Amino acid sequence: MPLTHLNEENQPKMVDIGDKETTERIALASGRISMNKEAYDAIINHGVKKGPVLQTAIIAGIMAAKKTSELIPMCHPIMLNGVDIDILEEKETCSFKLYARVKTQAKTGVEMEALMSVSIGLLTIYDMVKVIDKSMTISGVMLEHKSGGKSGDYNAKK
């Protein structure tokens, strides 16, 4: 399959989506941040001096989805219909799993917006808690699902 972001001279270009059909597009991405028990408990018990960590991560994730095209060079700026973020507490592993669902009616998908949302949400958690645990790890950032568009639906293998 040829790369669509290169022109005839092998130089970068933004793909022309003008002739594509506007359809509903949805993307769901996820990722995890793991930390020590002290950091996990501080988040759960609202004991982080910088403020409410999980709520701040949700806001950061929403903001990131809206700014994706400003940071990813070939990503088209698109109007988002909604960004919904859910953070699951995983007490046994002292980790949090963040899910971002992004929805639009557009000529291109929102996979990058969902992935950006997850990444920035997790980085925000890291930033707010690094004073307690600098060894936190972010892992498994991935596209779980996408629907709409010419390529159809995608579901990650479990």
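Backbone N, Cα and C atoms are what each Cβ position is placed from, and that goes for glycine too.
Summarising the annotation, Swiss-Prot assigns substrate binding site to MET74, CYS75, HIS76, MET112, GLU113. Residues or ranges marked as active site by Swiss-Prot: ASP127.
Same-chain neighbours of the substrate site beyond MET74, CYS75, HIS76, MET112, GLU113, judged by a C-beta within 8 angstroms of the site's C-beta center, are, in sequence order, THR68, SER69, ILE72, PRO77, ILE78, THR108.
Here the recorded positions are GLU113, ASP127; the one with the fewest Cβ atoms within 10 Å of its Cβ is ASP127.
Taking the Cα atom of each, HIS76 (substrate binding site) and ASP127 (active site) are about 28 angstrom apart.
Its own atom aside, the Cβ of MET74 (substrate binding site) has 12 Cβ atoms within 10 angstroms in the protein chains shown.
Taking the binding-site residues CYS75, MET112 in turn and counting surrounding C-beta atoms within 10 angstroms, the largest count is reached at MET112. Each residue contributes its Cα atom, and for GLU113 (substrate binding site) and ASP127 (active site) those atoms are 21 Å apart. Distance noted between the C-alpha atoms of the residue listed as 'active site' and MET112 (substrate binding site) is 22 Å. Within 10 Å of the C-beta of HIS76 (substrate binding site) there are 16 other C-beta atoms, taking all protein chains into account.
Maximum C-alpha to C-alpha distance over the listed substrate-binding residues MET74, CYS75, HIS76, MET112, GLU113 is 13 Å.
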